[in-house]
């Protein structure tokens, strides 16, 4: 790993950790109703919507409210896509989005996945981008945060039947946290060169003729392949280029802050209109981890022991550093097949990367975005080396708990913390407890569901795709890498990440439906058990710390938590990883 990469990683961690306490304290004050201006701002909204802020909910009612909120979001996004040809702010006169793609996109943005099988600047009108996709970026982020706040209250309260009001929590986190930070962030991005306008697209003449290979398409619009499975292409030339316009900065801000990741442009944060400078790139990386890291302090603040939050944050940080080092290390190594063709190995694996970012910024961005269930990219993960590309896969397959998405990462890590203290209790023959609450059969059943639902969706979905002709038809690269593309797609969808090995042609009815199902159950198949755990914990009595109680704020617990995440979270995927990136790595270096 280069000196630049080490310095970049060090500066990133220092700046991130400096923000944890102030932002975490602010979020705790907002969500616990201690923000002074909240009442004046919120009261008109509550009256307009008929919400009684003093009426709290049990876990089942809270879960139903969250599900209803998100179902309505799916329906709204689907309708806007299907009607966009008849709606204003469509200067390119884009037609309605196809039913299967609209279904996939609606679920994708409602679940904070932001998987995009379509080309954003060639599919979505400005109204759809703003009113459907950007709005859901706020709402899906708010959903994740309020769920983890509910779980934290479950630990903090005792002998209680309720832990908050879902509508109040959603309002507070959106109005007082997500919205103000996004406004400031969008202004900063505009200053860096991110575009923000409603102009029609611009056709310009390039300085020289551009030659490229254009894939031949069949009657269904899918690439034709030869008998070896390779895409058939034909040479083409052009001297014109269409420059996409649009309100990018306002969407870019919440896309990163809310760990959403869906780009206005198809190239996402590799596009200069979304991420033009190294400074904007650094701030985008920082903003992805900003709220997930701060929520760890919020957790400690609300339960009354900030050491608990720092312990969870320490476990996350240690795993993050190891994974970031691995990604940057393997991307710094040149592809041996390209080296044989005369490419200078000193530059590392620059395929699919922007020269303004290079190896360090691209490798670190890839690690951050896949750990945090963001999915935004500033480089093409499909072009990473086999082991460099293995890191984003592992990041997601850990369950998106190393920082993770806003809210989702922390509640996922707390689920693993419950599992860790349960394992420790079994080893010493004592009833496990965490933060003064006994961990009993009901909690462990819900923990098991929350941990196992995602691997089930990933592995079953991948198996179905490689067995059926419709699934194999989307593979652009046969062999181990083609399998990795499918595995990555279902891993990304079920873990609500949204990034992709872009070689897979996923905008087909088969993948739109299959990935849509994986996204929905990968999100709410975890949220409902987590809320059930919160309700059960809130109803329990708090027990005093005894001589046999495992301290959950020291190095021993941090080590146990990391081990639990690695063993329980990752082992499910080892056979699948062996069939994909591991085989590809061995084949690549065997050829060398």
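Using the three backbone atoms N, Cα and C, a Cβ is placed for every residue, glycine included.
Summarising the annotation, Swiss-Prot assigns transmembrane segment to 7-27 (among others).
Annotation source Swiss-Prot lists transmembrane segment at 60-80 (among others), citing sequence analysis.
Only residues 6 or more beyond the boundaries of the transmembrane segment (132-152), in the same chain, are considered here, and those with a CB under 8 A from a CB of the stretch are 27, 31, 59, 62, 66, 69-70, 73, 76-77, 80-81, 105, 109-112, 114, 124, 163-164, 166, 169-170, 173-174, 177-179, 182, 250-251, 254-255, 257-260, 262, 291, 295, 298-299, 302-303, 405-408, 410-411, 414, 527, 530-531, 533-534, 537. Among the features that Swiss-Prot reports, transmembrane segment is placed at 132-152 (among others), with the record citing sequence analysis.
Taking Cβ pairs closer than 8 Å, the transmembrane segment (175-195) reaches residues 26-27, 30, 35, 38, 41-42, 45, 138, 141-142, 145, 245-246, 248-250, 252-254, 256-258, 272-277, 279-280, 283, 287, 291 in its own chain, all 6 or more past its ends. Positions annotated as transmembrane segment by Swiss-Prot: 175-195 (among others).
Note on the transmembrane segment (279-299): residues 8, 12, 15-17, 19-21, 23-25, 27-28, 31, 141, 145, 148-149, 152, 177, 185, 188-189, 192-194, 252-253, 256-259, 269, 306, 308-310, 312-313, 316, 357, 361, 364-365, 368-369, 372, 374, 376, 378, 403-407, 409-410, 414 of its chain, located 6 or more positions outside it, place their CB under 8 angstroms from a CB of the stretch. Here Swiss-Prot flags 279-299 (among others) as transmembrane segment, drawing on sequence analysis.
What Swiss-Prot lists as transmembrane segment is 310-330 (among others), and the listing cites sequence analysis.
Beyond its flanks by at least six residues, the transmembrane segment (409-429) meets 144, 147-148, 151, 292, 295-296, 299, 312, 315-316, 372-373, 399-403, 439, 443-444, 447, 450-451, 526, 530, 533, 548, 550, 552, 557, 560-561, 563-565, 568-569 of its own chain at Cβ-Cβ distances under 8 Å. What Swiss-Prot records for 409-429 (among others) is transmembrane segment, and it gives sequence analysis as the kind of evidence.
Swiss-Prot lists 449-469 (among others) with the feature transmembrane segment, giving sequence analysis as the kind of evidence.
Annotation comment: Swiss-Prot describes 513-533 (among others) as transmembrane segment.
Feature annotation from Swiss-Prot assigns transmembrane segment to 556-576 (among others); the stated evidence is sequence analysis.
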What same-chain residues lie close to the transmembrane segment (310-330): Cβ under 8 Å, and 6 or more beyond its ends? 1-2, 5, 9, 13, 17, 20, 293, 296-297, 299-300, 349, 359-360, 363-364, 366-368, 371, 384-385, 387-388, 391-392, 394-395, 398, 401-403, 409-410, 413-414, 417, 552-554, 557-558, 561-562, 565
Would the transmembrane segment (513-533) and the transmembrane segment (7-27) count as touching if the test is at least 3 Cβ pairs under 8 Å, pairs 6 or more apart? no
Determine which residues of the chain contact the transmembrane segment (449-469) at the Cβ level, with the cut-off under 8 Å and only residues 6 or more beyond its ends counted. 397, 399, 412, 415-416, 419, 483, 486-487, 489-491, 493-495, 510-511, 514-515, 517-518, 521-522, 525-526, 529-530, 533, 568-569, 572-573, 576
Contact set of the transmembrane segment (556-576) with the rest of its chain, CB cutoff 8 A exclusive, min separation 6+ beyond the ends, reads 311-312, 314-315, 318-319, 393-394, 397-399, 401-402, 413, 416-417, 419-420, 423-424, 451, 455, 458-459, 462, 487, 491, 550
